[in-house]
Amino acid sequence: MAACHRILLLLSVAVASGAAQKPPLTKRGLLEFGGIITCSTGRSPLSYVMYGCYCGLGGKGWPRDKADCCHEHDCCYGEAETLGCQTKTDQYRWKCEDKKVECDDLNDKCEKFLCKCDRDAAKCLEKAPYNQKYLFWPSFMCGSEEPKCSIY
C-alpha cells in the first residue's frame with residue numbers, strides 16, 4: 001500500500017527538478033506515474049502527494065472521495081508484484097496524445113501491467129473532481145477500516 005505513496009513523494013522531487021518534462025516517447029521506471037498524471041489530468045502530480053487518505057505518505061482508512069484513487073493504484077501495484085514485477089524500477093515506454101496515455105504496443109507482461117495500473121489511476125484522477133479540502137487531509141481522520149483490494 002505504501003508503494004503509491006513513496007512513488008508520489010519521489011514524483012514531487014522529480015517534478016520540482018524538471019524531470020516531468022517528457023519527450024513524446026518516454027522510458028523512466030518509477031517516475032512514469034507522475035508524467036501520466038500530468039498527461040491525463042493537466043495537473044502537477046504534486047497536487048496528489050498528500051491528498052485524502054491514500055495519495056501521499058502512508059495510507060489507511062477509507063478513501064475520502066473519488067479523487068482519492070491511490071488505494072486502487074496500490075492494489076494494482078500489489079498484484080503486479082505478485083506477478084514478479086518490480087513496481088519501483090521496471091520501466092515502460094508510453095506517449096501522451098490529447099490527454100490520453102498510449103502504451104498498448106508493449107510486449108513485456110510487467111510493462112503492460114504497470115502501464116495499466118498507472119493509466120487507470122490517472123483516468124480515475126481525471127474523472128474525479130478535485131476537492132481542495134482533502135489536500136493535506138490528516139491521517140487521524142481516515143479511520144481504521146480499509147477497503148479490500150477485491151472491491152476493484
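For all residues, glycine too, the Cβ spot is worked out from N, Cα and C.
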For Cys53, what is the disulfide-bonded cysteine listed in Swiss-Prot, choosing from Cys142, Cys149?
Cys142
Swiss-Prot annotation, disulfide partner of Cys55 among Cys69, Cys70
Cys70
Choose one of Cys39, Cys69, Cys75, Cys76: the cysteine that Swiss-Prot connects to Cys149 by a disulfide bond.
Cys75
Cys96, Cys103, Cys110, Cys115: which one closes the disulfide with Cys39 in Swiss-Prot?
Cys96
According to Swiss-Prot, which residue among Cys4, Cys117, Cys124 is joined to Cys76 by a disulfide bond?
Cys117
Per Swiss-Prot, the disulfide partner of Cys69, chosen from Cys4, Cys124:
Cys124
Specify the count of other C-beta atoms within 10 Å of the C-beta of Cys124 (disulfide bond).
18
Asp74 (Ca(2+) binding site) as reference: those disulfide-bonded residues from Cys103, Cys115, Cys117, Cys149 with C-alpha within 10 Å of it:
Cys117, Cys149
Set of same-chain residues at least 6 away whose C-beta sits under 8 angstroms from Cys110 (disulfide bond):
Ala80, Leu83, Gly84, Cys85, Gln86, Asp90, Tyr92
Count, for each of the disulfide-bonded residues Cys39, Cys55, Cys70, Cys75, Cys76, the other C-beta atoms lying within 10 angstroms of its own C-beta, and report the residue with the smallest count.
Cys75
